[in-house]
Amino acid sequence: MTIAIVIGTHGWAAEQLLKTAEMLLGEQENVGWIDFVPGENAETLIEKYNAQLAKLDTTKGVLFLVDTWGGSPFNAASRIVVDKEHYEVIAGVNIPMLVETLMARDDDPSFDELVALAVETGREGVKALKAKPVEKAAPAPAAAAPKAAPTPAKPMGPNDYMVIGLARIDDRLIHGQVATRWTKETNVSRIIVVSDEVAADTVRKTLLTQVAPPGVTAHVVDVAKMIRVYNNPKYAGERVMLLFTNPTDVERLVEGGVKITSVNVGGMAFRQGKTQVNNAVSVDEKDIEAFKKLNARGIELEVRKVSTDPKLKMMDLISKIDK
């Protein structure tokens, strides 16, 4: 049997990618695919991936071909492959990559050879018909900065804290919408995941720090450490994005003295015991209690998956439960 391939994308593109490849090559064996739709999260995707793997022969290894680096299909696949030999994830799947990889499987390459071929053909398959190479000017050498004289310690003022460009509740944490739209539009230099649970999970913590977009660093800390970091003048003026999995952690952070004026609710997946308030957000009694406490502090609670969505008021959605 050949090396197994699983395609994972946002929306329903994965199935169509496979159908396009099969139109060129004929029906393929030992290939699976999963879609990713609103309301799902990494846990849902892991279940979907495992359901596909159960149908495939994984003896020679598994190659996950996903659409975007740091997106939810990538993040879920990364958690599966992290401790398995001959399991790999490649981001940027396109038709040239998929077709060449499927054809190469029939020649019984080694797992590493197939991975290298997939990456190479995916890159080579992206070309412009008429564009000419653009030469980049060499950057001018930077002038040496003058040494600043040491300043005496002083009490922290209102401008001596980090700037919170966005505080967002999204149980998918760093994924496509965060890594692309929100990071650019909020102009942050750091993404900080604030969660006791995630900070204690070494594998998940490591993966999250690897999926930040270019020019942005990612960190995972527990609530207590985030309070200490916020009060450290070393980070004064630095724009950051805070990501949470639930409103309880936000309320704990605010209770600890971190100044948050607005919270964006981007996604809280449905699971048993929760009530769905729209297609992306589900809450239980603990969530509702935390939202009420935040609302009582005068903190804006708005629901949007991406910045171009109209703002919905979280408390209005909660008020409609059981009506």
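Going from the start of the chain as shown, residues are counted 1 onward.
Each residue, glycine too, has its Cβ placed from N, Cα and C.
Pulled from Swiss-Prot, these are the features on record:
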{"type": "ACT_SITE", "residues": "HIS175", "note": "active site, pros-phosphohistidine intermediate"}
{"type": "DOMAIN", "residues": "2-124", "note": "domain 'PTS EIIA type-4'"}
{"type": "DOMAIN", "residues": "157-320", "note": "domain 'PTS EIIB type-4'"}
{"type": "MOD_RES", "residues": "HIS10", "note": "phosphohistidine"}
{"type": "MOD_RES", "residues": "LYS55", "note": "N6-acetyllysine"}
{"type": "MOD_RES", "residues": "HIS175", "note": "phosphohistidine"}
{"type": "MOD_RES", "residues": "LYS234", "note": "N6-acetyllysine"}
{"type": "REGION", "residues": "137-155", "note": "region 'Hinge'"}
{"type": "SITE", "residues": "VAL89", "note": "site 'Involved in the phosphoryl transfer between H-10 and H-175'"}
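All features noted in Swiss-Prot, drawn onto the structure.
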residue: HIS10; record: phosphohistidine; Cβ contacts under 8 Å, 6 or more apart: PHE36, ASP67, THR68, GLY71, SER72, PRO73, GLY176
residue: LYS55; record: N6-acetyllysine; Cβ contacts under 8 Å, 6 or more apart: GLY32
residue: VAL89; record: site 'Involved in the phosphoryl transfer between H-10 and H-175'; Cβ contacts under 8 Å, 6 or more apart: PHE64, VAL66, PHE74, ALA77, SER78, VAL81
residue: HIS175; record: active site, pros-phosphohistidine intermediate; Cβ contacts under 8 Å, 6 or more apart: GLY70, GLY71, SER72, ASN75
residue: LYS234; record: N6-acetyllysine; Cβ contacts under 8 Å, 6 or more apart: none
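Per DSSP, the secondary structure of the domain 'PTS EIIA type-4' (2-124) breaks down as 60 helix, 21 strand, 42 coil. Reduced to three states, the DSSP call for HIS175 (active site, pros-phosphohistidine intermediate) is coil.
Taken as a whole, the region 'Hinge' (137-155) shows an average pLDDT of 62 in this prediction.
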